[in-house]
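Features reported for this protein in Swiss-Prot:
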REGION    1-319  region 'Ribokinase'
BINDING   Asn195, Leu196, Ala197, Glu198  ATP binding site
ACT_SITE  Asp264  active site
REGION    344-477  region 'Cytidylyltransferase'
Amino acid sequence: MKITLPPFDQARVLVAGDLMLDRYWHGGTDRISPEAPVPVVHVRDIEQRPGGAGNVALNVAALGGQPELVGITGQDEAANELASLLENAGVACHFRRQPGAATITKLRVISRHQQLIRLDFEDGFPGAHARDLLPQYRPLLAGCGAVVLSDYAKGALRDPRPLIEAAREAGVPVLADPKGRDFSIYRGATLITPNLAEFEAVVGRCADEDTLVRRGEALARECGIEALLVTRGEDGMSLVRPGEAPVHLAARAREVFDVTGAGDTVIATLATGLATGLALPQAMALANLAAGIVVGKLGTATVSVAELRRALQEQEQSGRGVLTEPELLHAVADARAHGERIVMTNGCFDLLHAGHVAYLEQARSRGDRLIVAVNDDASVRRLKGEGRPINPVQQRMAVLAGLASVDWVVPFSEDTPARVIGAVLPDVLVKGGDYQPEAIAGHDAVVAHGGRVEILDFLDGCSTSAMIERMQSAPDT
């Protein structure tokens, strides 16, 4: 199924975890201190943003969702500032304020878009345990479509199993962003989202995707977790579910500017998508797009619905048009990874007419992506005789690629497209005319792979041969 934006405004997501306040001091630097070999920064702007679980909730709100946030803070001004930032962004805050403790604060000094130093202000929350959040957490489960556990190993989620058990009792899926090397503490979770370094710290180095999948499946079974989504930086992300085919998505970032908080964006988009009823692979595809957007921003940041919509449009348009066969196979694999159904047809398409256009629109309606395989000039000549084609293959393909219904056009040189159809193995193979499905080139390969073959009607009164005859019989002017 083609990926579309779900009704995010209907998604209620409960986020629980470690809360922190991110502060940014921006300034210019053009000299070295006489006191020590360090740059002198002239601070011109001070910025504050929610971090940790707060950034996850902020990402949910930026998508239009309804986040409920539970976590531990101190009884201090930083907690007040954090609550104000979040509530102004549409996040409902349910803080457990611990007397005598300080809210975790991280200060970053930035000049010319480069982070010069980070200062952490934190003493932890001695004696804190995840079960301490249950009084705020449990009443919020009713009506939530997903739970996110955002673990930064600061104490709020020390032994998160009581929170997972409460959510599962309420029938709410649980997504956890893990920390540490013991993933068994997330037993019962629907999904955990380690990055590659965190994953390999537990299972060892994975030299290839097959190893990653094999070890991921074993880890999921061992820890009692339904699925793992391993984020792999520039290599994209991989979804591993025991007993199901893995899903690998390529990274979508055009330029990586700052990876701070990218994991928060991924899990927030996943949870918000799942809370609207999206299947996990579809939510994963949206999360992959969101990650590609957010790493192009500085610091902990969010992704808007408008940005996601634009990224979806760009993704749909990218790679469209005339492709070589290797390029086509790569595009098909990527489309399938995003849950899209592939339709394929073929023909000479020498003189494009209204019948062709109507036929291709019918074909496109059978799935999400339409491939048109086009006979090259020598192939047309063998089939139609001397004098054909009227238009060379590059022109025929260019015209087809300009149609809104057509995604990809590929040439073939054989008398039939059986070989290229067998390489693509479309979900739906279509042909126009009065053929029997079994007589269609590529039928056996498509059906054997679980696809189907469909015969479509041509538009009456439209024929390339008739057009040629009319042109030949027309009086000279």
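Note that Cβ sites are derived from N, Cα and C of the backbone, with glycine treated the same way.
Here the recorded positions are Glu198, Asp264; the one with the fewest Cβ atoms within 10 Å of its Cβ is Glu198. The shortest Cα-Cα distance from Asp264 (active site) to any of the binding-site residues (Asn195, Leu196, Ala197, Glu198) is found for Asn195. Those residues of the chain, other than Asn195, Leu196, Ala197, Glu198, with a C-beta within 8 angstroms of the mean position of the ATP site C-beta atoms are Pro194, Phe199, Glu200, Ala201, Val230, Thr231, Arg232. Counting residue by residue with DSSP, the region 'Cytidylyltransferase' (344-477) contains 54 helix, 26 strand, 54 coil. Asn195 (ATP binding site) falls within a strand when secondary structure is assigned with DSSP. When the binding-site residues Leu196, Ala197 are scored by other C-beta atoms within 10 Å, Leu196 scores highest. When Cβ atoms from all protein chains are considered, those within 10 Å of Asn195 (ATP binding site) total 20, not counting its own. The region 'Ribokinase' (1-319) scores a mean pLDDT of 91 in the predicted structure.
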